[in-house]
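Residues or ranges marked as transmembrane segment by TrEMBL: 20-38, 50-72, 92-111, 132-156, 168-196, 244-267, 287-307. According to TrEMBL, the domain 'G-protein coupled receptors family 1 profile' annotation covers 30-307.
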Amino acid sequence: MSEFANKLQNLSNIISKPYLIIIFFIGLMGNIFNIIIFSRHSLRSNSCSLYFLSISFFHVIILIIGCLFRFINLFLGYDLSGTSLIFCKFRAYIVVVGYVISRHLLCLISIDRWMITSTNIFIRQQCNRKKTKLIIIISIIFWFLIEIFIPIGFYIENNNCIPSLNPFYLFMYRIIDLLCTLFPFFILIIFTCLLLKNLLRNKIFPNTNHPIVINSSLRMNDNQSFLRIVNTHSRKYTNKDYHLIRLCFFQVIVFILLNLPAASYSLYSYITRMNIKTINHLAIDSFLNTIVSNLAYTHCAVTFYLYTMTSKKFRKECYLIYFYIQRRLINRFQ
(Lines of atoms letter the chains of each structure in order from A and count residues from 1; the text may use other names and numbers.)
(Lines give C-alpha, C1' and ligand atoms only; values in the text may rest on other atoms or scores of the structure.)
Protein backbone atom coordinates (compact mmCIF):
# COMPACT_ATOMS: atom_id res chain seq x y z
CA MET A 1 0.00 0.00 0.00
CA SER A 2 1.34 3.46 -0.94
CA GLU A 3 1.98 6.27 1.53
CA PHE A 4 -0.98 8.21 0.12
CA ALA A 5 -3.29 5.22 0.58
CA ASN A 6 -2.08 4.77 4.17
CA LYS A 7 -2.71 8.42 4.99
CA LEU A 8 -6.18 8.27 3.48
CA GLN A 9 -6.98 5.12 5.46
CA ASN A 10 -5.78 6.75 8.69
CA LEU A 11 -7.85 9.86 7.94
CA SER A 12 -10.90 7.69 7.36
CA ASN A 13 -10.40 5.99 10.76
CA ILE A 14 -9.81 9.31 12.54
CA ILE A 15 -13.08 10.69 11.15
CA SER A 16 -15.15 7.54 11.67
CA LYS A 17 -14.18 6.60 15.23
CA PRO A 18 -15.76 9.52 17.13
CA TYR A 19 -18.44 10.08 14.50
CA LEU A 20 -19.85 6.55 14.57
CA ILE A 21 -19.95 6.47 18.39
CA ILE A 22 -22.00 9.66 18.49
CA ILE A 23 -24.26 8.56 15.65
CA PHE A 24 -24.89 5.14 17.18
CA PHE A 25 -25.86 6.31 20.67
CA ILE A 26 -27.97 9.32 19.69
CA GLY A 27 -29.54 7.29 16.89
CA LEU A 28 -30.39 4.29 19.04
CA MET A 29 -31.87 6.47 21.78
CA GLY A 30 -33.75 8.64 19.28
CA ASN A 31 -35.30 5.75 17.37
CA ILE A 32 -36.37 4.02 20.59
CA PHE A 33 -38.17 7.26 21.52
CA ASN A 34 -39.72 7.32 18.03
CA ILE A 35 -41.06 3.80 18.52
CA ILE A 36 -42.51 4.71 21.93
CA ILE A 37 -44.12 7.93 20.67
CA PHE A 38 -45.60 6.52 17.45
CA SER A 39 -46.92 3.55 19.46
CA ARG A 40 -49.02 5.86 21.65
CA HIS A 41 -52.76 5.71 21.03
CA SER A 42 -52.94 9.40 20.10
CA LEU A 43 -50.68 8.80 17.07
CA ARG A 44 -50.98 5.14 16.15
CA SER A 45 -54.64 5.63 15.20
CA ASN A 46 -53.36 7.43 12.09
CA SER A 47 -52.33 5.11 9.25
CA CYS A 48 -49.24 7.17 8.39
CA SER A 49 -47.88 6.73 11.92
CA LEU A 50 -47.45 3.02 11.20
CA TYR A 51 -44.98 3.90 8.44
CA PHE A 52 -42.98 6.16 10.76
CA LEU A 53 -43.04 3.43 13.42
CA SER A 54 -41.78 0.81 10.97
CA ILE A 55 -39.02 3.07 9.65
CA SER A 56 -37.76 3.68 13.20
CA PHE A 57 -37.67 -0.08 13.82
CA PHE A 58 -35.52 -0.70 10.74
CA HIS A 59 -33.28 2.24 11.61
CA VAL A 60 -32.56 0.54 14.95
CA ILE A 61 -31.63 -2.66 13.10
CA ILE A 62 -29.31 -0.78 10.72
CA LEU A 63 -27.59 1.06 13.58
CA ILE A 64 -27.04 -2.12 15.60
CA ILE A 65 -26.05 -4.53 12.82
CA GLY A 66 -24.27 -1.97 10.66
CA CYS A 67 -22.98 0.96 12.69
CA LEU A 68 -22.27 -0.83 15.99
CA PHE A 69 -20.10 -3.58 14.49
CA ARG A 70 -18.37 -1.03 12.29
CA PHE A 71 -17.04 1.02 15.20
CA ILE A 72 -16.26 -2.15 17.22
CA ASN A 73 -13.97 -3.05 14.34
CA LEU A 74 -12.41 0.44 14.34
CA PHE A 75 -11.82 0.57 18.11
CA LEU A 76 -11.00 -3.03 18.99
CA GLY A 77 -9.62 -4.18 15.67
CA TYR A 78 -11.97 -7.16 15.79
CA ASP A 79 -14.27 -7.72 12.84
CA LEU A 80 -16.74 -10.54 13.47
CA SER A 81 -17.87 -10.42 9.85
CA GLY A 82 -14.25 -11.05 8.84
CA THR A 83 -13.98 -14.22 10.93
CA SER A 84 -17.48 -15.73 10.78
CA LEU A 85 -18.85 -16.51 7.33
CA ILE A 86 -22.38 -16.84 8.71
CA PHE A 87 -22.26 -13.39 10.30
CA CYS A 88 -20.59 -11.98 7.18
CA LYS A 89 -23.55 -13.06 5.05
CA PHE A 90 -26.12 -12.17 7.73
CA ARG A 91 -24.77 -8.63 8.26
CA ALA A 92 -24.58 -7.88 4.55
CA TYR A 93 -28.13 -9.15 4.02
CA ILE A 94 -29.75 -7.37 6.97
CA VAL A 95 -28.05 -4.01 6.41
CA VAL A 96 -28.90 -3.94 2.70
CA VAL A 97 -32.50 -5.05 3.26
CA GLY A 98 -32.85 -2.61 6.19
CA TYR A 99 -31.81 0.33 4.03
CA VAL A 100 -34.02 -0.71 1.13
CA ILE A 101 -37.12 -1.22 3.30
CA SER A 102 -36.65 2.06 5.19
CA ARG A 103 -36.36 3.94 1.87
CA HIS A 104 -39.37 2.07 0.51
CA LEU A 105 -41.42 3.02 3.59
CA LEU A 106 -40.40 6.67 3.25
CA CYS A 107 -41.69 6.58 -0.32
CA LEU A 108 -44.95 5.11 0.98
CA ILE A 109 -45.20 7.97 3.50
CA SER A 110 -44.98 10.55 0.72
CA ILE A 111 -47.58 8.63 -1.30
CA ASP A 112 -49.85 8.33 1.76
CA ARG A 113 -49.67 12.07 2.44
CA TRP A 114 -50.45 12.81 -1.20
CA MET A 115 -53.46 10.50 -1.03
CA ILE A 116 -54.73 11.98 2.23
CA THR A 117 -54.72 15.49 0.74
CA SER A 118 -56.47 14.47 -2.46
CA THR A 119 -59.93 15.86 -3.27
CA ASN A 120 -60.88 12.44 -4.61
CA ILE A 121 -62.84 10.60 -1.92
CA PHE A 122 -61.91 7.14 -3.21
CA ILE A 123 -58.18 7.95 -3.06
CA ARG A 124 -58.48 9.30 0.48
CA GLN A 125 -60.40 6.23 1.62
CA GLN A 126 -57.41 4.04 0.76
CA CYS A 127 -55.51 5.57 3.68
CA ASN A 128 -56.58 3.38 6.59
CA ARG A 129 -54.78 1.31 9.21
CA LYS A 130 -55.89 -2.06 7.86
CA LYS A 131 -54.52 -1.43 4.37
CA THR A 132 -51.40 0.23 5.73
CA LYS A 133 -50.57 -2.82 7.88
CA LEU A 134 -51.07 -5.09 4.88
CA ILE A 135 -48.87 -2.90 2.66
CA ILE A 136 -46.08 -2.85 5.27
CA ILE A 137 -46.14 -6.63 5.72
CA ILE A 138 -46.15 -7.27 1.96
CA SER A 139 -43.34 -4.73 1.44
CA ILE A 140 -41.13 -6.36 4.08
CA ILE A 141 -41.68 -9.87 2.71
CA PHE A 142 -41.16 -8.67 -0.86
CA TRP A 143 -37.79 -7.02 -0.20
CA PHE A 144 -36.50 -9.86 1.94
CA LEU A 145 -37.22 -12.20 -0.98
CA ILE A 146 -35.87 -9.88 -3.69
CA GLU A 147 -32.59 -9.38 -1.82
CA ILE A 148 -32.16 -13.07 -0.95
CA PHE A 149 -29.29 -13.36 -3.43
CA ILE A 150 -27.17 -10.82 -1.45
CA PRO A 151 -25.73 -13.21 1.20
CA ILE A 152 -25.08 -15.95 -1.36
CA GLY A 153 -22.21 -14.06 -2.96
CA PHE A 154 -20.50 -12.69 0.15
CA TYR A 155 -17.37 -14.46 1.36
CA ILE A 156 -14.32 -13.80 3.55
CA GLU A 157 -10.95 -12.96 2.04
CA ASN A 158 -7.98 -11.70 4.08
CA ASN A 159 -10.31 -11.18 7.08
CA ASN A 160 -12.60 -8.96 5.00
CA CYS A 161 -16.24 -9.67 4.21
CA ILE A 162 -16.62 -8.79 0.52
CA PRO A 163 -19.04 -9.51 -2.34
CA SER A 164 -18.17 -12.10 -4.95
CA LEU A 165 -16.28 -10.98 -8.05
CA ASN A 166 -18.37 -13.30 -10.19
CA PRO A 167 -19.41 -11.09 -13.17
CA PHE A 168 -23.09 -12.05 -13.07
CA TYR A 169 -23.40 -11.67 -9.29
CA LEU A 170 -21.49 -8.38 -9.29
CA PHE A 171 -23.66 -7.06 -12.12
CA MET A 172 -26.89 -7.97 -10.29
CA TYR A 173 -25.58 -6.61 -7.00
CA ARG A 174 -24.63 -3.25 -8.49
CA ILE A 175 -27.76 -2.91 -10.62
CA ILE A 176 -30.11 -3.58 -7.71
CA ASP A 177 -28.02 -1.35 -5.43
CA LEU A 178 -28.21 1.43 -8.02
CA LEU A 179 -31.96 1.07 -8.52
CA CYS A 180 -32.72 0.86 -4.78
CA THR A 181 -30.57 3.94 -4.17
CA LEU A 182 -31.70 6.18 -7.06
CA PHE A 183 -35.34 5.13 -7.53
CA PRO A 184 -36.52 6.41 -4.11
CA PHE A 185 -35.30 9.90 -5.03
CA PHE A 186 -37.60 10.03 -8.04
CA ILE A 187 -40.58 8.69 -6.08
CA LEU A 188 -40.03 11.14 -3.21
CA ILE A 189 -39.57 14.14 -5.50
CA ILE A 190 -42.63 13.29 -7.62
CA PHE A 191 -45.05 12.67 -4.75
CA THR A 192 -43.75 15.52 -2.62
CA CYS A 193 -44.41 17.85 -5.56
CA LEU A 194 -47.88 16.33 -5.99
CA LEU A 195 -48.51 16.80 -2.27
CA LEU A 196 -47.51 20.46 -2.53
CA LYS A 197 -49.78 20.80 -5.54
CA ASN A 198 -52.71 19.38 -3.55
CA LEU A 199 -52.06 21.70 -0.63
CA LEU A 200 -51.83 24.78 -2.83
CA ARG A 201 -54.69 23.91 -5.16
CA ASN A 202 -57.20 22.92 -2.53
CA LYS A 203 -56.21 25.49 0.09
CA ILE A 204 -56.15 22.90 2.87
CA PHE A 205 -55.87 24.39 6.33
CA PRO A 206 -55.75 22.35 9.55
CA ASN A 207 -58.57 22.99 11.96
CA THR A 208 -58.99 20.72 14.94
CA ASN A 209 -62.63 21.75 15.51
CA HIS A 210 -64.17 21.89 12.03
CA PRO A 211 -61.62 20.74 9.49
CA ILE A 212 -62.66 21.12 5.89
CA VAL A 213 -61.27 21.48 2.39
CA ILE A 214 -62.25 24.81 0.85
CA ASN A 215 -62.16 25.25 -2.91
CA SER A 216 -60.70 28.66 -3.79
CA SER A 217 -63.10 29.04 -6.73
CA LEU A 218 -66.19 28.73 -4.49
CA ARG A 219 -68.62 31.62 -4.34
CA MET A 220 -69.68 31.79 -0.73
CA ASN A 221 -73.02 33.45 -1.53
CA ASP A 222 -74.06 30.42 -3.54
CA ASN A 223 -75.36 28.16 -0.76
CA GLN A 224 -76.32 25.34 -3.08
CA SER A 225 -72.85 25.22 -4.63
CA PHE A 226 -71.28 25.40 -1.19
CA LEU A 227 -73.24 22.41 0.10
CA ARG A 228 -72.54 20.40 -3.03
CA ILE A 229 -68.79 21.00 -2.82
CA VAL A 230 -68.64 20.30 0.92
CA ASN A 231 -70.52 17.04 0.50
CA THR A 232 -68.34 15.99 -2.42
CA HIS A 233 -64.86 17.15 -1.43
CA SER A 234 -64.78 17.79 2.28
CA ARG A 235 -62.72 15.58 4.49
CA LYS A 236 -61.63 15.35 8.06
CA TYR A 237 -58.29 17.09 7.76
CA THR A 238 -57.04 17.09 11.32
CA ASN A 239 -54.23 18.76 13.18
CA LYS A 240 -52.59 15.32 13.40
CA ASP A 241 -52.58 15.03 9.59
CA TYR A 242 -51.01 18.45 9.33
CA HIS A 243 -48.12 17.56 11.65
CA LEU A 244 -47.52 14.24 9.89
CA ILE A 245 -47.32 16.13 6.60
CA ARG A 246 -44.69 18.41 8.15
CA LEU A 247 -42.73 15.37 9.32
CA CYS A 248 -42.95 13.92 5.82
CA PHE A 249 -41.68 17.12 4.18
CA PHE A 250 -38.70 17.57 6.45
CA GLN A 251 -37.74 13.90 6.47
CA VAL A 252 -37.76 13.84 2.67
CA ILE A 253 -35.50 16.91 2.57
CA VAL A 254 -33.03 15.45 5.09
CA PHE A 255 -33.12 12.06 3.34
CA ILE A 256 -32.20 13.64 0.01
CA LEU A 257 -29.40 15.73 1.53
CA LEU A 258 -27.82 12.83 3.43
CA ASN A 259 -28.37 10.07 0.86
CA LEU A 260 -27.63 11.95 -2.35
CA PRO A 261 -23.87 11.34 -1.89
CA ALA A 262 -24.54 7.60 -1.55
CA ALA A 263 -26.68 7.63 -4.69
CA SER A 264 -23.98 9.54 -6.56
CA TYR A 265 -21.31 7.11 -5.37
CA SER A 266 -23.41 4.10 -6.45
CA LEU A 267 -23.78 5.65 -9.91
CA TYR A 268 -20.06 6.43 -10.07
CA SER A 269 -19.18 2.90 -8.91
CA TYR A 270 -21.37 1.37 -11.60
CA ILE A 271 -19.98 3.60 -14.37
CA THR A 272 -16.35 2.90 -13.42
CA ARG A 273 -16.85 -0.81 -12.69
CA MET A 274 -14.79 -1.89 -15.75
CA ASN A 275 -11.94 0.57 -15.19
CA ILE A 276 -8.52 -0.66 -14.12
CA LYS A 277 -7.74 1.29 -10.94
CA THR A 278 -4.45 2.02 -9.22
CA ILE A 279 -3.86 1.51 -5.49
CA ASN A 280 -4.34 5.24 -4.88
CA HIS A 281 -7.56 5.24 -6.89
CA LEU A 282 -8.89 2.30 -4.87
CA ALA A 283 -7.92 4.11 -1.65
CA ILE A 284 -9.90 7.17 -2.76
CA ASP A 285 -12.90 4.96 -3.59
CA SER A 286 -12.68 3.33 -0.16
CA PHE A 287 -12.51 6.73 1.54
CA LEU A 288 -15.54 8.01 -0.39
CA ASN A 289 -17.44 4.83 0.45
CA THR A 290 -16.72 5.37 4.15
CA ILE A 291 -17.96 8.97 4.01
CA VAL A 292 -21.21 8.17 2.20
CA SER A 293 -21.82 5.20 4.54
CA ASN A 294 -21.42 7.48 7.56
CA LEU A 295 -23.90 9.95 6.05
CA ALA A 296 -26.39 7.13 5.46
CA TYR A 297 -26.05 6.10 9.13
CA THR A 298 -26.60 9.76 10.04
CA HIS A 299 -29.99 9.79 8.36
CA CYS A 300 -30.99 6.74 10.41
CA ALA A 301 -29.90 8.54 13.60
CA VAL A 302 -31.37 12.04 13.32
CA THR A 303 -35.07 11.40 12.68
CA PHE A 304 -36.19 11.82 16.31
CA TYR A 305 -34.42 15.15 16.62
CA LEU A 306 -35.81 16.24 13.25
CA TYR A 307 -39.37 15.37 14.32
CA THR A 308 -38.88 17.18 17.63
CA MET A 309 -37.71 20.37 15.93
CA THR A 310 -40.37 20.45 13.22
CA SER A 311 -43.59 19.23 14.87
CA LYS A 312 -45.38 20.76 17.84
CA LYS A 313 -47.57 17.67 18.12
CA PHE A 314 -44.49 15.44 18.37
CA ARG A 315 -42.96 17.68 21.05
CA LYS A 316 -46.22 17.51 23.00
CA GLU A 317 -46.10 13.71 22.92
CA CYS A 318 -42.50 13.85 24.18
CA TYR A 319 -43.56 16.05 27.09
CA LEU A 320 -46.42 13.71 27.97
CA ILE A 321 -44.06 10.72 28.06
CA TYR A 322 -41.55 12.67 30.14
CA PHE A 323 -44.20 13.69 32.70
CA TYR A 324 -45.57 10.13 32.78
CA ILE A 325 -42.12 8.69 33.55
CA GLN A 326 -41.52 11.43 36.13
CA ARG A 327 -44.79 10.62 37.93
CA ARG A 328 -44.00 6.91 37.94
CA LEU A 329 -40.55 7.52 39.41
CA ILE A 330 -41.90 9.87 42.07
CA ASN A 331 -44.63 7.40 43.07
CA ARG A 332 -42.13 4.55 43.17
CA PHE A 333 -39.69 6.26 45.55
CA GLN A 334 -42.26 7.84 47.84
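Each residue, glycine too, has its Cβ placed from N, Cα and C.
Proximity of distant same-chain residues to the transmembrane segment (20-38), defined by a Cβ-Cβ separation under 8 Å and at least 6 residues beyond the stretch ends, is recorded for 44, 49-50, 52-53, 56-57, 59-60, 63-64, 67-68, 70-71, 74, 294, 297-298, 300-305, 307, 314, 317-318, 321. Remark: the transmembrane segment (50-72) makes no contact with the transmembrane segment (168-196), by the rule of 3 or more CB pairs under 8 A. Ranked by number of Cβ pairs under 8 Å to the transmembrane segment (244-267), the listed stretches 92-111, 132-156, 168-196, 287-307 are led by 287-307. Through the fold, the transmembrane segment (168-196) approaches residues 96, 99-100, 103-104, 106-107, 110-111, 113-114, 117, 146-147, 149-150, 152-153, 245, 248-249, 252, 255-256, 259-260, 262-263, 266-267, 269-270, 273 of its own chain, all at least 6 residues removed from its boundaries and within a Cβ separation under 8 Å.
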